[in-house]
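Annotation comment: Swiss-Prot describes 10-15, 79-81, 114-120, His135 as FMN binding site. What Swiss-Prot records for Tyr12 is NAD(+) binding site. Sequence annotations record features per position, and here Swiss-Prot assigns substrate binding site to Trp99 based on sequence analysis. Sequence annotations record features per position, and here Swiss-Prot assigns domain 'Flavodoxin-like' to 4-191 based on sequence analysis.
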Amino acid sequence: MTKVLVLYYSSYGHIETMAQAVAEGARSVPGTEVAVKRVPELVPEEVARNAGMKLDQPAPVATVAELAEYDAIIVGSPTRFGRMTSQMANFLDQTGGLWAKGALNGKVGAAFTSTASQHGGQETTLFSILTNLLHHGMVVVGLPYSYEGLSGVEQVKGGTPYGASTIADGDGSRRPTEVELGGARYQGALVARTAAKLRG
């Protein structure tokens, strides 16, 4: 059984929705067990509520130690000035012990994101996540152009060869489209298939 973790942080629900699509794609691959977990919130609850952040997310909170139990880890975070959120960075910064043991060497890693605008730093945010995974010796999987939704200019949409993505708009009113969710599913399935091949 190939074990896949979809690990995410979501402020307003966009990445939470994308995480579910990624998990759906991974589950479509026979012999795959998928867990969806989030990283801890760092914003005080009162501040988060006043900002309208989505706090009722059912996914359990992950621990750093459990990362070593998975064959693949797909990390999702919205952008903050062109990089991952402090919540996700704080979590990944605690993985030094795993790095020292080589606990994630050879496992599959991937990333997905959301931005407020079409040019809001999707690729740099993905790179900020992927850099961490590469330092752990993980085999990185993106979202290749074999996913047809990456091509075409008929609509404003997320999606890059470095990972699935969505555009939220400045007020968060835009929700992930079917093309963007399709990219998330495609990437999730590709990660699961790749991890299964590496496990032999």
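Just so it is clear, glycine is given a Cβ too, placed from its N, Cα and C backbone atoms.
Keep in mind that what you see is a predicted model, and the values were worked out from it rather than measured.
Shown here: features listed in Swiss-Prot, placed on the structure.
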residue: Ser10; record: FMN binding site; contacts (Cβ under 8 Å, 6+ apart): Glu16, Ala19, Arg38, Lys54, Gln57, Gly76, Pro78
residue: Tyr12; record: NAD(+) binding site; contacts (Cβ under 8 Å, 6+ apart): Gly52, Met53, Lys54, Ala168, Gly172
residue: Gly13; record: FMN binding site; contacts (Cβ under 8 Å, 6+ apart): Lys54, Gln57
residue: Thr79; record: FMN binding site; contacts (Cβ under 8 Å, 6+ apart): Thr85, Thr113, Ser114, Thr115, Ala116, Gly120, Gly121, Gln122, Thr124, Thr125
residue: Trp99; record: substrate binding site; contacts (Cβ under 8 Å, 6+ apart): His135, His136
residue: Ser117; record: FMN binding site; contacts (Cβ under 8 Å, 6+ apart): Ile167, Asp169, Gly170
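With a 10 A radius on its CB, Gly120 (FMN binding site) counts 20 other CB atoms from all the protein chains. Look at Thr79 (FMN binding site): DSSP puts it in a strand.
According to its DSSP assignment, Ser10 (FMN binding site) is coil. Packing around Ser114 (FMN binding site) is summarised by its Cβ count: 29 other Cβ atoms lie within 10 angstroms of its Cβ, all protein chains included. Confidence annotation: the domain 'Flavodoxin-like' (4-191) carries a mean pLDDT of 97 in the model. According to DSSP, Gly120 (FMN binding site) sits in a coil region rather than a helix or strand.
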